[in-house]
Each structure stands twice: as C-alpha cells, then as structure tokens.
C-alpha cells in the first residue's frame, strides 16, 4: 500500500456569493468544488466542497516566487518539493446557505476571506461570514482581494481601503490583504507564501481516543447493483483527535432515530471500518487533518443523502453523551449582519426557536428559560457534544436564519 501524505490543515474558503471562492479553489487545487444544493427534510442542507492542494516549493528560487502548485517551478523550471498538503473547505456564499457555512466552519483551522474588488465592500455575506469566523473562534485569516484584473488601479486602491476599514476592530484586523486574479492565477505565489507563513499546522492529539465530525454520508452503490457486490455505507468527515485504523470498530452518535409508540429515542450505531480513503487513495491509518472517507459495514440506506452528517464518530464508549437538552452561556453580537438593514439584537426570550450549529450538526433549540447570559434549550434533533463546545446561534428574521451570536455548552 502506497504511503499517502494526508492534509495537515483545513482552510475555509469564505465570502460573498460570486466573489470567486470556487474559482480560487480550482486555481489552487485543480478541482472544481461546486456544490449541489438540496433541501433535505432536516432543514436546509447544501454540500460543502472539498479539495486538497499540495503547496510546492522551488529549492532554488526565493520566496514568494518559490511557491506554486506545480511539479516544476514556473520561474526557473527546477523540480519542486512538497512543502505541505492542505485541504480547502469551500463554503457556500449565498445567504440562504449560512447554516452550511457554519457547519463547515467547525472543520476549519483557518480561513481565506475572498472579497471581489469589483463590488463595494462589505457585501452582506462578507460581513456575515466574518462574524461567523469570529463567533466560532477562527483567528488565522488571510484576506484575498480578488478580480483585480477587472478594475483599474484607482478602484483597486479604493477597494483596498474599504476592506481595511471593514476589518477594523474585528478578528481579521491584522490579516494581510493579498490582491489576486483567481481567473488568471496572478499573485497565487504570494497567497501560498502567506498560507505557509501564517497558517501553522494545528497540534492534534493523536494519542487521544479517535473522534471525527461527520460532514457527509452516502451510498456509493449504483442502482441495479448485484447483491453480492453491494458495498456498505460511506461516511466522510474530519478527524479532530486520535487516529482511525482500517478493521477497527467505530461508534456513531446520536445515530438512529427509533420511534416506539409515541416515544422517540436515539440509539448509537456501532460498525466496522472496512476501508479508509484520503485524497482519493486507500490508507490503513487515518490521522487528524484533511478529509477522510470511511467505508463501513452499515446498510447503505442508513448513509444515503447525507443522512448521518452532523453525527460524531469515534472509538466505542469514548464519545460524549447524546444531548436533547442543553444549558449554554451565550454571547450575542451587537447587531444582525448579512441583510440590507442591520437590526439591533434583542435579548433571548423563552419559547423562542434558534437554529444551532455545533460541530457539523444543525438543530433547532427551543428556549425553555433565559436568564442573564444563560439559556436552557430543548433540542428538536439531539446532538453529541461536550461541555465547553461552542455553538453558533441564529435567529429567524423574516424568511432567513441570521447569526446572532454563540454559546458555550455548560
């Protein structure tokens, strides 16, 4: 079996719709990650796009020209060496897909905020995505000023000043602003250099019991497949600690919904790992970082159409409890961003329904009691989470869910 290098860090590609996130991901990875949106019965679910990128460095040239994604140096033609392998999570920029962006953010160790120079900054989702990074505690940020090939020098400078003004007093205040053209590949070397300098590989605890956030799940069998050739269901996600080995057993929580009369309970699923896939290659052991596909012995009917996304998987008996009620310490934003008018955020009140994102899970919490900055909530769909985990909270305003702050599970 070939030794496959796994991605060491997950970087989110965030920003307003049509500002060039997917084009930039394609320029860096060669993969068009466009995501299919489909509204599933558990609220809105649109797939995140994922792609791996190998950052290559020329041993002869100096930085930033030394960095590229090519096997030979574009400047001098020397054979390049791999500096690091990284994974991009391409989050949707459309306002209705905020829930997906938030569930993708739990997989991100850093983010590239893409802002087009062709439009006034900030656009609604540019603001909302930056607030989300802040709420979820993502501090390693690089700002990319895209589409500089479509504006003159005067507008490029004006756009730069708008961005500077916009990020003042936010988590991205000190982030570098790199002007690029994703379409023509201009300044990609400078961006890669910045990623290497400013986004260190996070320290993951490989000795801890394995834990993985499930972001996707599917049935890989084609219709009409012979029974003897059927393959078990596949789950995909990111390992946040520990390692997974082919042949091991894993537990998936909250797992299966079981209805008995008028009672509903959730039962965790235990299955065996039949295969592990990383970057399109099969491996025996999967480590934290990047995205891992896990073949299992599960009935594919249980995994089709992302039905297990939002679950947590790991070594049996080591996962947190499945919670259907939680107490959170909340921190609300000052105002709602992402829409044309910015409304002041009123305090939480009893019986209010909030959309909650924790890990890759999305659920609705009904507030049973709100006092000061503490709130008790009953969850429509249970979650598997630990004390101290961060939850992004959104409130329904008009026909949209809008981010209003975050909470820490008590």
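Cβ coordinates come from backbone N, Cα and C, glycine included.
According to Swiss-Prot, the protein has these features:
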DOMAIN    6-203  domain 'tr-type G'
REGION    15-22  region 'G1'
BINDING   18, 43  Mg(2+) 2 binding site
BINDING   18, 19, 20, 21, 22, 23, 146, 147, 148, 149, 181, 182, 183  GTP binding site
REGION    43-47  region 'G2'
BINDING   58, 61, 73, 76  Zn(2+) binding site
REGION    90-93  region 'G3'
REGION    146-149  region 'G4'
Residue 18 (Mg(2+) 2 binding site): tally of other CB atoms within 10 A of its CB: 16
Among 22, 146, 181, the one of these binding-site residues whose Cβ has the fewest neighbouring Cβ atoms within 10 Å: 181
Nearest recorded site to residue 61 (Zn(2+) binding site) by CA-CA distance, among binding-site residues 18, 20, 148: 148
Closest of 58, 73, 76 to residue 20 (GTP binding site), Cα positions, binding-site residues only: 73
Candidate binding-site residues 18, 22, 146, 148, 183, pick with smallest Cα gap to residue 76 (Zn(2+) binding site): 183
Position of peak Cβ density within 10 Å, selected from the binding-site residues 61, 76, 148: 148
The region 'G1' (15-22): DSSP-derived helix, strand, coil residue counts: 2 helix, 1 strand, 5 coil
Those residues of the chain, 6+ apart, with a Cβ under 8 Å from that of residue 73 (Zn(2+) binding site): 58, 60, 61, 66, 79, 80
Inter-residue Cα distance where the pair is residue 18 (Mg(2+) 2 binding site) and residue 183 (GTP binding site), in Å: 13
Cβ-Cβ neighbours of residue 183 (GTP binding site) (radius 10 Å): 15
Nearest-integer angstrom distance between the alpha carbons (Cα) of residue 148 (GTP binding site) and residue 18 (Mg(2+) 2 binding site): 14
Reduced DSSP assignment, residue 76 (Zn(2+) binding site): coil
Spatial separation of residue 146 (GTP binding site) from residue 18 (Mg(2+) 2 binding site) - C-alpha basis, Å: 11
Zn(2+) site, defined by 58, 61, 73, 76: further same-chain residues with Cβ within 8 Å of the Cβ centre: 59, 60, 65, 66, 74, 75, 77, 78, 80
Where residue 181 (GTP binding site) falls in three-state DSSP terms: strand
